[in-house]
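Engineer: I'd like to ask you about the structure that follows.
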Amino acid sequence: MDPYKYRPSSSFNAPMWSTNSGAPVWNNDNSLTVGSRGPILLEDYHLVEKIADFDRERIPERVVHARGATAKGFFEVTHDVSHLTCADFLRAPGVQTPVIVRFSTVIHERGSPETLRDPRGFAIKFYTREGNWDLVGNNFPVFFIRDGMKFPDMVHALKPNPKTHIQENWRILDFFSHHPESLHMFTFLFDDIGVPADYRHMDGSGVNTYTLVNRAGKAHYVKFHWKPTCGVKSLLEEEAVTVGGTNHSHATKDLTDSIAAGNYPEWTFYIQTIDPDYEERFDFDPLDVTKTWPEDVVPLQPVGRLVLNRNIDNFFSENEQLAFCPGIIVPGVYYSDDKLLQTRIFSYSDTQRHRLGPNYLLLPANAPKCSHHNNHYDGLMNFMHRDEEVDYFPSRFDPAKHAPRYPIPSRTLNGRREKMVIEKENNFKQPGERYRSMDPARQERFINRWIDALSDPRLTHEIKAIWLSYWSQADKSLGQKLASRLSSKPSM
């Protein structure tokens, strides 16, 4: 059934003003009163409806990724990957799929400046012939934590102090001092790329490890990457202050203006793949979201290109009501046992049901563009017009049947029930390698940002010592420089 066919806006084109129920409104300027100066009458239904509507215009803000910008376009396959996946939208070079993409900051509120040091969200909804696929990622290829159990605590630590509503370094560094796996993420966040110049000049990553499955059922672990064809650009501190002080929505404006001018943003889509049969060859766990896969060992393979060539028509319906979930996949793409991904599969859909209601997938931006059929009926704000008499399965009165079976990973798993960390933590090697890959000037800026963070007057000597130990294990010279600068810095 076409979800657009019965949407309320299909008849929202009257030349005269009316109420929500369609009654004509002859005066939208004055309230109904007793005389010209008398009290307002409660029977002024139009006034009550208008104010009540206004009072309910805002919906719950996203708990993370509240500040965002959206655009539409297409994804086109440029290289054959049919040997790796049976996904229909990747079936052959030249195949195009419509998409909608949402960029965002992560921690800060809706309306906050787009020049703050913060990860950026990079989420794509592919409207494929086999249903939607949501690839929900960030601009950095790694994350702070590897187990979803810590996600609420992590967000609380990064968010403002619940007493003062001020984001404070002592809270952030206190929490992450218990999680050395966060070091790798901090080599990105405190690097020059921690403040992207705009959304067009920004990398994207699926972050988590997924699985590609071909028609024969062979599975490969996969990492997804987006590289902007116009290159990566970032803002240093002084530039961020200048840009943010001029326009706190500069990245949204840049995206909108560029598309309107025909300067369409474009990214090349790459994958990295690992055969699960050989995952033990690495000194890290391929399912560890705090690790990257070395490109000299696991090379990037080009797959396609993403082009954004249309601005959205309505911010609320195509940004605020737009909803993503890593659990929404298509045949040929599957999950992995990445602990953070496993948590996200539930968390994202759950928060959308809270934010938008149980029928959020019926909203036009979230509904599939292919035909679909199930017995998910009724519920709050279900506006789908259905005239079936059979709302159960199976039935001899309803011709709907199971879809053809498609392959999913078939590995046999065994183990004890237990709560524990992964065996190959290896928390310090990759952060050290990334720091050493920076040129001296970039290293100096990285160190200065850490000196500033570690100089928070509420940080204890113990917490500072832990961070110096962590960075020394990543790179001895880095630890020494941080210790030297901190010891010579006058106390408050």
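Just so it is clear, glycine is given a Cβ too, placed from its N, Cα and C backbone atoms.
Swiss-Prot feature annotations, pasted as is:
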ACT_SITE  H65  active site
ACT_SITE  N138  active site
BINDING   Y348  heme binding site
Engineer: Rounded to the nearest angstrom, how far is the Cα of N138 (active site) from the Cα of the residue listed as 'heme binding site'?
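Structural biologist: If we compare the Cα positions of the residue listed as 'heme binding site' and N138 (active site), the gap is 15 Å.
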Engineer: With every protein chain in view, how many other Cβ atoms are within 10 Å of the Cβ of H65 (active site)?
Structural biologist: 22
Engineer: For the recorded positions N138, Y348, work out the Cβ neighbour count at 10 Å and name the residue with the minimum.
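Structural biologist: Per-residue Cβ counts within 10 Å for the recorded positions N138, Y348 bottom out at Y348.
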Engineer: Using C-alpha atoms only, work out the spacing between H65 (active site) and N138 (active site) and round it to an integer in Å.
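Structural biologist: Rounded to a whole number, the Cα-Cα distance is 10 Å.
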Engineer: Determine, from DSSP, whether N138 (active site) sits in helix, strand or coil.
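Structural biologist: Going by the DSSP assignment, N138 (active site) falls within a strand, counted as strand.
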